[in-house]
Amino acid sequence: MADNKSTLPGLPDINGTLNRSMTPNTGWEGPYDMSVHLHWTQFPPVTEEWHYIIGVYITIVGLLGIMGNTTVVYIFSNTKSLRSPSNLFVVNLAVSDLIFSAVNGFPLLTVSSFHQKWIFGSLFCQLYGFVGGVFGLMSINTLTAISIDRYVVITKPLQASQTMTRRKVHLMIVIVWVLSILLSIPPFFGWGAYIPEGFQTSCTFDYLTKTARTRTYIVVLYLFGFLIPLIIIGVCYVLIIRGVRRHDQKMLTITRSMKTEDARANNKRARSELRISKIAMTVTCLFIISWSPYAIIALIAQFGPAHWITPLVSELPMMLAKSSSMHNPVVYALSHPKFRKALYQRVPWLFCCCKPKEKADFRTSVCSKRSVTRTESVNSDVSSVISNLSDSTTTLGLTSEGATRANRETSFRRSVSIIKGDEDPCTHPDTFLLAYKEVEVGNLFDMTDDQNRRDSNLHSLYIPTRVQHRPTTQSLGTTPGGVYIVDNGQRVNGLTFNS
């Protein structure tokens, strides 16, 4: 009985054929040009209350998904500190969830639920199922790509900058799109089909018909669109956990041989990447929780007792799967520090009750990549080791106003990051002036207020990494104001240059 599809007597089914022999259960009323799979006619018609519950639920989930994912795309695309190659995957995932929410949820499913049947015709039923398939598959394929990226960054940090380049990330995203489309398009060519399901208010893959074509398509879809991606994701995160444990053990040894500040910087960087990996794992777990019941329903329908699949049993997993598109923005808002800060800057009223915590790590807020080499000064009164920094991140602002030239000869070359101001750079970025300037031989530029420093001695003040609060005048001795250098080298004290 479950091996056939049916239509209302005398009307064409989803594939344009006639089936006049089917006698539907009284009370099942399909749209004028749609087929109702014979499987669903063995059950009583769905009550009006359930249709309204689904309609209200999908409206809420759809609107939250649209607003949340639009926010994610905007924040990640317009925040410099978030525009890294790895975050392109996050943007792609948000775009996928946004389209999924806008097409497969609100408003099409909402309108059909309130009408208690699919009202948009056969063509739109197939397009609806196709879009749901493409962007549902794109979500899990993107999560697979994210797990691979996290594996490389965490376990092979030295090779990550060459392996996960922006160009390669773009290529991986193209592969994700192509694979998702290829897995969703066969029903248009007779391998499988898109038909109404459950409450007859939405359309999806035909997982009920047990012909050879339909069954092989469901198996291929299940393997390449669900099981294999989950295996890859699982392997990557297991390797990440093992890599983190090895890293913790190595840090115990490295800390004894490295300067405390350098060890802290390296550990801070690793912990930052690990935090991002935990966010990715959370998103993945939520996706699996949302879609696993739906995948199980399809398997039972094909290889188990199909009579278990009642309209309500099929509809509840569908509702859970639709909600997957709204999870990710919530996870980022609760767990991603940079996303929270950027969101607070643009829509502070969202944080009326809980302002994001500001961590004392200015370098993390501004810089994403940093290479450090050490050079020793020669023919200079300064005999300490000076750090040579090069930053690949763009600056918040660059100014030469108020610069004072020191007349004392120096013989070292240095790239420095200099900021000026009193406010926290995370909440008041416009008040900070940040510059990356190379100090030439014989020229030391002091990026500070000329008015405060014109008649005073010039002090080269070094502040250790991750210190972003401005010291008091008393702590600086005779130096009013102050120059703040965010660096990762040794601490240098007492270098005085007379103007």
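Any Cβ shown, glycine's included, is placed from N, Cα and C.
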Listed residues Asn19, Asn388, with the one flagged N-linked glycosylation site by Swiss-Prot:
Asn19
Disulfide partner of Cys203 per Swiss-Prot: which of Cys125, Cys285?
Cys125
Please check, using only what Swiss-Prot records about topology, whether Glu49 lies on the same side of the membrane as Tyr151.
no
Which one of Asn15, Asn69 gets the tag N-linked glycosylation site in Swiss-Prot?
Asn15
Within the topological domain 'Extracellular' (1-50) only, compute the mean pLDDT.
55
Using DSSP, how many residues in the topological domain 'Cytoplasmic' (149-168) fall into helix, strand and coil?
17 helix, 0 strand, 3 coil
Below 8 angstroms Cβ to Cβ, which residues of this chain, lying six or more residues outside the transmembrane segment (169-192), approach it?
85-86, 88-89, 92, 126, 129-130, 133-135, 137-138, 141-142, 145, 148-149, 205-206, 213-214, 216-218, 220-221, 224-225
Coarse DSSP state, helix versus strand versus coil, of Cys125 (disulfide bond):
helix
Out of Cys125, Cys203, give me whichever of these disulfide-bonded residues has the highest number of other Cβ atoms within 10 Å.
Cys203
